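Engineer: Input: one structure, supplied below.
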Amino acid sequence: MAVSGFEGFEKRLELHFFGDDNDPTVTTMGLRARALRLLDFESLENVLRVVQCTVVSAVGNHFFDAYVLSESSLFVYPTKIIIKTCGTTQLLKSIRPLIHLAKNLGLTICGCRYTRGTFIFPKSQPFPHINFKQEVIYIEENLPNNLCFRKASVMPSKNPSYSWHVFSAASDNGAHFSDGEFTVEVCMTELDRVLARKFFKTGGDSAAKEMTELTGIGNINPRALICDFVFDPCGYSMNGVDGDRYSTIHVTPEDGFSYASFEYVGSVYDDQDDIVETLKKAVQVFKPATVSVSTTSHRREVWTRVAHAMEPLGLKCRSFAMDEFPTAGTVVFQTFTAARRK
């Protein structure tokens with residue numbers, strides 16, 4: 001393991017809002033249908049500057065806007081914002097300015113969820129990401145009192161290098177997290193060296209598109225509109241836009257601290273085999289030695305399918321943890337390692 005290198009493990013923040021009239025459906029169905037999407041680009045850039053990252057590419061559709069960042073991704077829905085950043089970014093510093101910007105649009109925060117894995121280089125992280133306790137204190141100091149249902153948890157695995165950190169807060173209005181929606185967050189380390197080399201830049205302006213096709217990323221969800229970006233000399237990010245759902249992949253291919261993440265949103269009403277096939281396709285792109293998968297959902301159908309996707313790839317489940325969070329649902333954290341390794 002390298003003494004120092006780029007931190008691939010992301011921090012992820014999800015904020016939910018509702019309208020002044022206390023009806024959470026108004027902002028999505030009524031006159032303010034584009035609410036948070038009305039934020040001007042300069043305002044978003046100012047928030048990202050505090051976090052210490054920038055926009056490098058963007059795409060949008062009728063439902064939401066997706067931005068590829070210099071360190072991961074940003075998704076802006078009418079009443080929801082998701083920011084995911086890697087490296088030594090200060091993600092949590094975005095909470096206060098985002099709440100302020102939303103308030104100017106007539107929106108009030110009603111839900112917050114923060115998740116991350118275990119950093120490869122924890123000593124390189126700046127305030128307020130020095131440790132999870134500090135992160136929780138900082139989040140709570142920056143959330144209003146109406147988010148009264150709060151919970152923080154570190155979900156363990158057999159390997160202390162792979163824990164899942166979750167903080168969730170919600171108001172007494174629990175309508176902001178959809179019952180039928182689920183989120184899957186996949187973290188992969190020790191990528192296959194041959195496959196990882198494909199994420200080193202070799203071409204020109206079309207390098208990102210070529211990388212998406214060459215690696216098989218474009219086949220994970222053929223319906224998705226893909227916005228991709230290649231970093232110099234190596235590294236890759238992409239956002240997939242499919243109706244009102246997103247997917248995103250980020251790759252740090254350097255040997256010694258290679259890492260890739262895959263995240264997507266789905267519905268429990270989809271064909272359950274789709275969950276299996278989507279996960280299989282994503283993991284096969286990298287053939288990692290170790291995989292951790294976190295699922296957030298109100299239904300058990302989701303996490304029970306994860307092992308069905310991993311086992312045919314020679315990945316064996318090594319640990320399983322489950323916890324409940326206020327109005328956010330059940331979080332299940334599973335780790336897998338290649339069967340050839342202990």
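Using the three backbone atoms N, Cα and C, a Cβ is placed for every residue, glycine included.
Copying in the features that TrEMBL gives for the protein in this structure:
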| type | residues | note |
| --- | --- | --- |
| BINDING | PHE6, GLU71, PHE231, GLU254 | substrate binding site |
| ACT_SITE | SER72 | active site, schiff-base intermediate with substrate |
| MOD_RES | SER72 | pyruvic acid (Ser) |
| ACT_SITE | CYS86 | active site, proton donor |
| ACT_SITE | SER237 | active site, proton acceptor |
| ACT_SITE | HIS250 | active site, proton acceptor |
Engineer: To see if you understand the setup: which same-chain residues, six or more apart in sequence, place their Cβ under 8 Å from that of PHE6 (substrate binding site)?
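Structural biologist: PHE6 (substrate binding site) has long-range Cβ partners CYS86, GLY87, GLY235, THR252, GLU254, PHE257.
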Engineer: May I ask for the distance between PHE231 (substrate binding site) and HIS250 (active site, proton acceptor), taken between their Cα atoms and rounded to an integer number of Å?
Structural biologist: 11
Engineer: At a 10 A cut-off on CB-CB distances, which of the binding-site residues GLU71, GLU254 has the highest count?
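Structural biologist: For the binding-site residues GLU71, GLU254, the Cβ with the most other Cβ atoms within 10 Å is GLU71.
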Engineer: Would you mind pulling the longest C-alpha to C-alpha span across PHE6, GLU71, PHE231, GLU254, which the record has binding substrate, in angstrom?
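Structural biologist: Those residues reach a largest Cα separation of 16 Å.
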Engineer: How far is it from HIS250 (active site, proton acceptor) to GLU71 (substrate binding site), counting Cα to Cα, in Å?
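Structural biologist: If we compare the Cα positions of HIS250 (active site, proton acceptor) and GLU71 (substrate binding site), the gap is 9 Å.
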Engineer: What Cα-Cα separation, expressed in whole Å, is found between the residue listed as 'active site, schiff-base intermediate with substrate' and SER237 (active site, proton acceptor)?
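Structural biologist: Distance between the two Cα atoms comes out at 7 Å.
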Engineer: Measuring Cα to Cα, how far is GLU71 (substrate binding site) from SER237 (active site, proton acceptor) in Å?
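Structural biologist: Roughly 9 Å, rounded to the nearest whole number.
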